[in-house]
Structure formats: C-alpha cells, structure tokens
2 protein chains.
Amino acid sequence: MNELKELGEFGLIDLIKQDTINDHSSVVVGIGDDAAVLLPTPRQLQLLTTDMLVESVHFKLTTTTPWQLGYKAIAVNLSDIAAMGGVPRHAVVSLALPQSTPAEFVTNLYKGMKEICRAFGVNIVGGDTVSSPHGLVINVTVAGEVEPANLVCRSGARPGDVVAVTGNLGSSAAGLDLLTAGEWEDFDFAWPLVTAHLTPRPQVKLGPVLAAAGATSMDDISDGLASEAHEIAKASQVGIKLYAKQIPLAPELAEAAGQLNKQALDYALFGGEDFQLVFTMEPGNYEALLAAYLDLPVVKVGEVVDADEGVTLVDEDGQAQKLEARGFNHFRQEE
Amino acid sequence: MNELKELGEFGLIDLIKQDTINDHSSVVVGIGDDAAVLLPTPRQLQLLTTDMLVESVHFKLTTTTPWQLGYKAIAVNLSDIAAMGGVPRHAVVSLALPQSTPAEFVTNLYKGMKEICRAFGVNIVGGDTVSSPHGLVINVTVAGEVEPANLVCRSGARPGDVVAVTGNLGSSAAGLDLLTAGEWEDFDFAWPLVTAHLTPRPQVKLGPVLAAAGATSMDDISDGLASEAHEIAKASQVGIKLYAKQIPLAPELAEAAGQLNKQALDYALFGGEDFQLVFTMEPGNYEALLAAYLDLPVVKVGEVVDADEGVTLVDEDGQAQKLEARGFNHFRQEE
C-alpha cells in the first residue's frame, strides 16, 4: 500500500481530482490552477461557509471510516448553506495529513466526499493538501447561492411564529456516546443513532423549500436545540417557548438513553450534530406549508414569544422552565 | 491574561468580529450567521482558493509573531487570486487552537489578518474556531472576482512569448534559512529577507494589470521559479527557457547566501514562498506594458519555446541545462 510520502503531493492531487465536477455548466476551471473559476447564477446572492474537523476533537479514527469522515466533512457545510435557504454549489477541501497516511485512506476519504457532493450536485473545485505532524485536520469551505427573496437569517423570528424542526433530534449525540462506550454493534437500536452521528444527512432540499414557504428565521442544529433556540432568540430579539412533549425523538433514542443512563430529551436539547433545521414561520404560512407537502418531515416544537419571556421549556407536566444555552462549546471547560 | 478556555467560543467570536468589513456594499451578512451572504458583482466570474498553514510544517511560533502569521495566512491566498488576474473580495478563516492559547495571541493574529485585508479592501466574513490537541492550524479561503476577459490560467503560454516576473526571487527562502539558523538579527542584510519570508506582500494590484495587458499565462511563485515554470510548461504544452543572469535577486541575497554557504540563484529557482507572479506575454504586448507603466517592477527572465525543448536554464556561460522541477513538496522525502 502506497504511503503519501512515496506518492508526493502532485501524485496525490492526480489521484483525487477524478469525478469532482457534478455540474459542469458552472465550472470554468476546477482543481489544478491557482484558484477555481466559477460561473455564478445571475441575480443570486453568494453564500460562503467553512468548517474545520480536527482528529481527537471532532472525530476519532477508531470510530469512523475515512469514507464516513469525508461524507460528514462535506455534510456539515451543506447544512449551513441549507439553513440560509440556499443551494450549495462548490466545495474546496484542505487536508493536513500525517506522512504515514496510506494513499488508500485519502482516496476513501474523497470517495465519501464525492458521494455526498454527487447526491446534491456540488462540485469539488480545489483545495490544499499539506503534511501534519500530529493527526488529521480537514477544512471544507462551501460556496452556495440563494435567491434574494429566499434568504433566511437568524434574525427574522417574530412573536406568534411557530417554531418547528425537520426531524428527530438527539440521535447523533446518543450515537456518539454509544461509539465512545464501545461494544454497541450488538444492539439493534444503536445502528440508526451511530449512523446519524457518522453520516448525518443535511436537509439540503428542505432548506430552500422552507425559505420559499416563508420561514422567518432558520438555523441548522449543530449544537443542540437549546443552543440554537437561544441563537435565534438573541438575533431576533424574541423569546422562544419549546414544548418537551413535542420534540421529535427517534424510537431508538429512549432505549439507548436507558442503556447509557441518560435522559433522551437531554440529547435532543443539549447534544449536537443532528444537522436538522429549526425554523420559525407565521402560523398561516406553516399551515399552508403542511397542506402543500403531504409527507414533509416537519414537527412543531414551540412558539416565538416576547423577548422578556426568554427561552423556556414547558415540561411534561406543563411547567415552564428557563432553558440553558449549554451545548458543545469549544474552549469552555465542561462542568 | 485570558486563556481561551475561560473566554469560550462565543466570547472569542465577539472579540474578533470587529473591523472585519472593508467593503460594506458587497456584504449582506458577515460573521455570525450559518453562512456569510455576499453580493456578487454582475458579469464577473467567481474565484475560490484555499490554503492551510500547520504549525511546525509551515511556521514555528518561535520565529513568527501572531500578527505576522495572520498577515501571511491571508497573503498567500490573495496571491492565488492575483495570479488568475482577479480581485480578492472575501475571506473565511478557520482556526484550530490549543486550549492554552492566550486570547491576546488570537487578537494579534486577527490584527495581522485585518491589516492586510484592509490594505486590499478584503472582508473577513466568517470562519470556524475549534480546539486543537496539538499545535495551531490556520485555514483561509478567499473568494475573488475576475472580469471574464481578464481571466488568466496556466495554460495559455505560446512559443515566442516573453517570460517575466514581478520582483526579486529567493528572498523568502533565504529568510527562512536565516530564521532557522538563528542569530540573524545582527546582520543588516538579514532583515529584508526575513521580512520577505514572514510578511510577503502579494502582487494584488499587479495581477489584474498584467491580465489586462495580455498575460497569456500566470502563476504565483509559491514553490520556486523552476517549479512554477514547469507547471506553466505542462499546462500550456510548451517549453520554457530561463536566463540565470536575468533572474532578479535582492542585493542582500548574495550576502545571505554566502553566510549560509548556499547559491543565491538556488534560492530563486528552488526556494519557495516569494509570492511574486511569473507570467508570459506576447513580446509586443510586453513592450506596450513597459511603455504604459514607467515604474513597473517586472523583469523579463526568459522565453516560451517549443515543448520539445523542455524547461531549461541558460547559465552565466551561455550553456542551456535542463531545469529540474524540484521545489518544496509536501509528503515527498527530500534527498
């Protein structure tokens, strides 16, 4: 098996640049020149987002395959574009790799990236590949486009709006706990949760649909529902009331939480990396949305209220409690 | 002094997002939402480039200040945009930082980035800040724009074209050797070389000028002139003949090379990170360019020839020799 130090940087680039363009009409120059050259769609706004994944912080190579890792590195960025109501178009990928990395690892990493890019018509148009003295680092930047009328920021929520999410929450964080605990393969309930953690499917198609239907604010759920609710509340200067009973949980989550001695709801509120969308919308528009799409996986989880009510959770007994913003926070020491 | 783990991720973001927008007219949403929202200039092509700098590979914190490091992390990307004939517009910055990093280090890193962005009207519109278990990693992605008529790729050089560069070569690599050797501060000749290495000034203004004047191919010199000449020759399917006597060297380089027991010309040919531009142009256009701009720092260093002549260097005695493509190559073991 070839190691990178035998292949060299240019040999590596030749290895990965196949099958990187899925929408040829928008790429003038892809991988191989000083910069990619892209043809923008007229009268659209440009979106730009970037995410860095660091070995031992965001992933462990003992619990993810390179294919899954590549898939996820792209997925987390597509999710950010969807959360603005936009469509992802192009990705550039930086990799810092230990010299001893097998070439096969890198090609499998790229296979995962290419697979999700192909699924959503995204082009990989460039990158940078360098050596790393300690562990793997992946940085992906995605450029997208959004119709000006479809742009949704965090700041547009208004009191009276519905708060809704696009799918089950908490699965990814429970999946991570199962991976960390180990010996999860024997439990049927573990598979969907672990899969939700390793290869989250971003809501690329739903983002623009919700935007066009009148979402007043939107966020992707990367740090748990509580944290995202606080971000929308802060940016929009409103309060948010969530109902514990309405938060959608995968059927497997309760079983996993029992096994892990945790509360299922805590995973949904404070766990991260679900990459579902949370959005707010006027009730009339929300009803129209549900009527227009029969099988839409959206679930109402609360309401936008006045700022002075803050962010609260109404528990199973109907008691409203202040909801903390805690989620995963780099650099902050956990209690 | 605050460490990052006391400040937290959001405290850090608040600290750095001041003074990041230099061209307000093109930014709809900057730092703080899921993605930046940008207003493209109509009828221009979009450029996208990314570069990753890894501690102990690309820099050592013993030989660079955080300000210089921030400046350089942006500079290397602006250089790539200039090499396409384009204008840099927006940057997104990912940082992986050890938990013990002082907050002051990060603000100084950003001061360096903000300084060069201000100089060239570039906006910092987003990023990602994560923790790192081992050393600092910086990834910058820059989006730029280019008039379609101004786009210059590596592939347009034609036999008969002039080959020229925009300034002295080899200074940066000699500066790195001086830094590595240490005790360079007492030598007056060392300062301009070390400065060329730590804070290279990318040819942001010249790139579009050369493009408009008819450059047929262009590359920024990140891996030494020999390597870039090979890249242009390969992409354009031509040969390139360089003249050793004509390659511009800083007056301090000869002195430093003597001190370091190296050849000054080797630094220019095989050293890296000068971030000057090398370009090709029809002789008539090149004469017109020199006539139009009196103080243009461009120097003819060779000619484009037929592909079967390969890439050669004519030495001081008039002898043509095959020129190797060697330069800095990640993953390839050095002899």
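The backbone N, Cα and C atoms fix where each Cβ goes, and this holds for glycine too.
Curation does not apply to TrEMBL; its annotations are automatic.
For the Mg(2+) 4 site that TrEMBL gives as B:D34, B:D80, the extra residue drawn from B:T20, B:T49, B:T65 is B:T49.
On the backbone, the CA of B:D220 (Mg(2+) 3 binding site) and the CA of B:E273 (substrate binding site) stand 9 Å apart. According to its DSSP assignment, B:D128 (Mg(2+) 1 binding site) is in a strand. Calculated from their C-alpha atoms, the gap between B:H58 (substrate binding site) and B:D51 (Mg(2+) 1 binding site) amounts to 11 Å.
Around B:G127 (ATP binding site), the same-chain residues six or more apart in sequence whose CB sits under 8 Å from its CB are B:I31, B:V92, B:V93, B:S94, B:L95, listed in sequence order.
Using CA atoms as reference points, the binding-site residues B:D128, B:R154, B:S222 were checked against B:E273 (substrate binding site), and the closest is B:S222.
In this structure, B:D80 (Mg(2+) 3 binding site) is part of a helix by DSSP. For B:T49 (Mg(2+) 4 binding site), the same-chain residues lying six or more positions away in sequence with a CB closer than 8 A to its CB are B:N77, B:D80, B:I81, B:T141, B:V142, B:G144. For B:S222 (ATP binding site), the nearest of the binding-site residues B:D34, B:T50, B:D51, B:D128 in terms of C-alpha separation is B:D51.
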